[in-house]
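Record features, source TrEMBL:
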| type | residues | note |
| --- | --- | --- |
| DOMAIN | 1-45 | domain 'Chromo' |
| DOMAIN | 129-187 | domain 'Pre-SET' |
| BINDING | Cys131, Cys133, Cys136, Cys141 | Zn(2+) 1 binding site |
| BINDING | Cys131, Cys142, Cys169, Cys173 | Zn(2+) 2 binding site |
| BINDING | Cys136, Cys169, Cys175, Cys179 | Zn(2+) 3 binding site |
| DOMAIN | 190-313 | domain 'SET' |
| BINDING | Cys273 | Zn(2+) 4 binding site |
Amino acid sequence: MEYYLVKWKGWPDSTNTWEPLQNLKCPLLLQQFSNDKHNYISQVNKGKAISLKDNNKALKPAIAEYIVKKAKQRIALQRWQDELNRRKNHKGMIFVENTVDLEGPPSDFYYINEYKPAPGISLVNEATFGCSCTDCFFEKCCPAEAGVLLAYNKNQQIKIPPGTPIYECNSRCQCGPDCPNRIVQKGTQYSLCIFRTSNGCGWGVKTLVKIKRMSFVMEYVGEVITSEEAERRGQLYDNKGITYLFDLDYESDEFTVDAARYGNVSHFVNHSCDPNLQVFNVFIDNLDTRLPRIALFSTRTINAGEELTFDYQMKGMVFKYSSIGVQLFQYEEYNQSRKRPESKDLNQADIKEEKK
């Protein structure tokens, strides 16, 4: 089926859409487009657009071939973008962008919104207790029952240090969806873009809107497997140079999240030694401390267009309080390293990946 990129009259380029031929009821415009395309390719083949030496004549048809491949790539990426937005269950939109090369959508990646348990693993998403608060911000709530502090301030920003678990209100609680202790479960609130990086890091993720510091950004999800299976897969992944293994070692090391084939936008987030995202363990309906949910929060204000990254070594940012407010300080104690070499510069990595 043929698709055409349509520029809508009176609308910006950002609203352009790919439409199948049967949706286009404008034969004159289609004929004009066909003529323009034919003339353009003819000019390229005749050397009108560029000057080539005789020994480089083979480059002329290559340029025309590139134009066709680029058009097909745009169609494939648009379809993938549409599929991602059909599958996601959160507010923020997902966009896909590649202005670097001809790489298309990954062929063996399936978008999921929550953990996918491997055969033999059971995820019991049913809380054993819930609060009866009328105002969870001021009353003794789920975090207090779990022996920890409420994780958020009135602005829905995280106020606890990394390594401290987050206990949100759950399905047994009597509070409503606007409860200040229901943040991660609402999902990503920002529009994000999966984009092809120009520095050789493959795909990456950038935000299309400004994100305030200490705000929830996304969850890290994937297939939940045993640590033994993770060791086996890790050896296979090492040979291929791609691994997305994340140990769930908040209390024990029985399980690992593998986002190689099943995952969400976080699958494409790259590593940085100076990250703008930080990992936190979260418990909502599943209170099994062996199976925390993994949430990524911003460590600082992230501007629109900026790439999102986190440190695969899990070195954190501590939130310290003073009379002038919250400040951030590096600390080295918290490191959930899996000790699997990712490269010469990353010797202790919880996640190892090299996206092709």
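Using the three backbone atoms N, Cα and C, a Cβ is placed for every residue, glycine included.
Unlike curated records, TrEMBL annotations are generated automatically.
Annotated features taken from TrEMBL, shown on the structure.
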residue	record	DSSP (3 states)
Cys131	Zn(2+) 1 binding site	coil
Cys136	Zn(2+) 1 binding site	coil
Cys141	Zn(2+) 1 binding site	coil
Cys169	Zn(2+) 2 binding site	coil
Cys175	Zn(2+) 3 binding site	coil
Cys273	Zn(2+) 4 binding site	coil
Measuring C-alpha to C-alpha, could you say which of the binding-site residues Cys131, Cys133, Cys142, Cys273 are within 10 Å of Cys175 (Zn(2+) 3 binding site)?
Cys131, Cys133
Between the binding-site residues Cys133, Cys142, Cys173, Cys175, Cys273, whose Cβ has more other Cβ atoms within 10 Å than any of the rest?
Cys142
Other residues with Cβ within 8 Å of the Cβ centroid of Cys136, Cys169, Cys175, Cys179 at the Zn(2+) 3 site?
Cys131, Cys133, Cys141, Cys142, Cys173, Gly176, Pro180, Asn181, Arg182
Between C-alpha atoms, which of these binding-site residues comes nearest to Cys142 (Zn(2+) 2 binding site): Cys131, Cys133, Cys136, Cys273?
Cys131
Please give me the binding-site residues out of Cys169, Cys179, Cys273 that lie within 10 Å of Cys141 (Zn(2+) 1 binding site), comparing Cα atoms only.
Cys169
Using DSSP, how many residues in the domain 'Chromo' (1-45) fall into helix, strand and coil?
25 helix, 8 strand, 12 coil
Just how many other Cβ atoms lie inside 10 Å of the Cβ on Cys169 (Zn(2+) 2 binding site)?
26
Helix, strand, coil: count each for the residues of the domain 'SET' (190-313), based on DSSP.
18 helix, 49 strand, 57 coil
